[in-house]
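Taking it in order: structure first as structure tokens, then the write-up.
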Ligand code: PEP
């Protein structure tokens, strides 16, 4: 039985004061979220603070990105060992905003995935199609291509030590959620594809759904057989809504 994981992606939001308040709100209610695993992914500069504040809680910390490099002349980058220094557990790789706005392609995302693993972080690999790709009927091709880049570099077993987040780009930050069945169809495709390579990995890997998840729609999404939790953007900035999503995981 896979545990439910709810991970908040705070993106480029928050200030010193608002983040302290958000963390206080989350820690106040985290104890009432049953077995749901919880993680938050703050902007890099707030990771030391958030890690400290969450040290005695059940909430893990992740990064929104990671360098594919370990150290050296790579201005602006943050490496796996640096993230480990501040107790990060997870690193998001291949978020659609990184892919679309910063030109990060499948191969680069695969190298970031590899870097996360190499330095002891659990990669949260984001995959998903744009609206145009869905309308062309190539959703599965796109998702398969994004997964294959990682499998080719790291091997199928590596997926078993990672988390996958299916995030249809048309549902991110738009208020348009994929219906539970639309999401389940793609999750089942992903698990089926992995099962063809290694059934144990397919059975083990948590596949999260992301795209306008809120307290009001989380339960019906998480009830689907192959949806093991969520990657949450906007709603993770509100402690009450985020905790409601976490509770829906039980
Ligand atoms: C995300 O960016 O990972 C995301 C799912 O955003 P939102 O929940 O705001 O759609």
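Counting begins at 1 with the first residue displayed.
Cβ coordinates are placed from backbone N, Cα and C, and glycine is handled just like the others.
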Request  = Check TrEMBL: it lists 9, 10, 11, 212, 233, 234 as binding substrate. Then name which of 34, 160, 173 it lists for that same site.
outcome  = 173
Message = Can you tell me the CA-to-CA distance separating residue 234 (substrate binding site) and residue 95 (active site, electrophile), as a whole number of Å?
response = 14
Task = For the binding-site residues 173, 233, 234, work out the Cβ neighbour count at 10 Å and name the residue with the minimum.
result = 173
Note = Should one count Cβ atoms within 10 Å of each candidate's Cβ, the binding-site residues 9, 212 would be headed by 9
Request  = Check the Cα distances from residue 95 (active site, electrophile) to each of the binding-site residues 10, 173, 212, 233 and keep only the ones within 10 Å.
outcome  = none
Query = If one measures from the C-alpha of residue 233 (substrate binding site) to the C-alpha of residue 167 (active site, proton acceptor), what distance in angstrom results, rounded to a whole number?
reply = 11
